[in-house]
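Engineer: There's a structure below that I have some questions on.
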Amino acid sequence: MTKGQILVISGPSGSGKSTLVNRLMQEESDIYFSISSTTRAIRDGEKDGVNYHYISVDEFKDGILNDEFLEWAMVHKNYYGTSIKPVLEALESGKTVIFDIDVQGFNIVKDKFKDEITSVFITTTNCVELRNRLVNRATDEPKVIERRIMNAIGEMEHIKAYDYFLINDDLEKSYRGFKAIYESMKFKTASINLRDVIESWIN
Ligand code: 5GP
């Protein structure tokens, strides 16, 4: 069993997932954010190696053939995937690894790491709010925005597969909820090594 824990967050882009994660990472040092690889175009304001590793379709397909991904999925007509190696290293060193992945990726990771996973689905109050945020962000064409909204509606069918559901309508309130979820992970019995606990309790 690995030492670290996994926190999976899913939900439409524009729901404020990154804001919550970035704030948590400023406050907590023991977190490793899994930087995915993607074939989608880099957006204004994003940085290669920070938001994603931006790679070509051929490079991505090579990664699939070489078993480099813990999971991968086609989302909004682009490939997205999580590299195995850095994730396993971070887990081995006892870190909490955060994945921002879609529902398909979550289902794969859940099968591989049953005991180490806590999951939260984050979204906006409604689809009007999501559309407003995506339009104001001005990083996607109207056609892409509509595709993202349709995808978001489809993903909501899977909310019950997640441990927690967070509507990000008020940043302060949502952050308190998000942090509480993160804190609660440390107390899950599924993640402890029972032998170690009893051993150290006796001695
Ligand atoms: P965006 O293009 O807005 O950054 O992300 C689009 C969607 O892809 C989001 O729902 C995000 O959670 C998902 N995503 C990002 N990285 C990965 C990944 O490595 N694997 C999977 N399955 N989904 C990802």
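Cβ atoms here come from the backbone N, Cα and C positions, even for glycine.
Pasting the relevant annotations from TrEMBL:
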- G11, P12, S13, G14, S15, G16, K17, S18: ATP binding site (BINDING)
- 4-183: domain 'Guanylate kinase-like' (DOMAIN)
Engineer: Same-chain residues six or more away whose CB lies under 8 A from the CB of S13 (ATP binding site)?
Structural biologist: L134, R148
Engineer: Taking the Cβ of S15 (ATP binding site) as reference, which residues of that chain separated by at least 6 in sequence fall under 8 Å from it?
Structural biologist: I122, T123, T124, L130, R133, N168
Engineer: These are the binding-site residues: G11, P12. Which one scores highest on other Cβ atoms within 10 Å?
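Structural biologist: Of the binding-site residues G11, P12, the highest Cβ count within 10 Å belongs to G11.
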Engineer: Considering every residue in the domain 'Guanylate kinase-like' (4-183), what is the mean pLDDT value?
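Structural biologist: That region's mean pLDDT is 95.
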Engineer: When you average the Cβ positions of G11, P12, S13, G14, S15, G16, K17, S18 for the ATP site, which other residues in that chain have a Cβ within 8 Å of that mean position?
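Structural biologist: Close Cβ neighbours, site residues excluded: I122, T123, T124, N168.
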Engineer: Give the subset of the binding-site residues G11, S13, G14, G16, S18 lying near ligand 1, defined as CB under 6 A from any of its atoms.
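Structural biologist: The binding-site residues passing the 6 Å Cβ test are S13.
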Engineer: Compile a sequence-ordered list of residues in the same chain as K17 (ATP binding site), six or more apart from it, whose Cβ lies below 8 A from its Cβ; state 'none' when nothing qualifies.
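Structural biologist: Expected: I9, G11, D100, I122.
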Engineer: Taking each of the binding-site residues G14, G16 in turn and counting other Cβ atoms within 10 Å of its Cβ, which one has the fewest?
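Structural biologist: Minimum Cβ neighbour count within 10 Å, taken over the binding-site residues G14, G16, occurs at G16.
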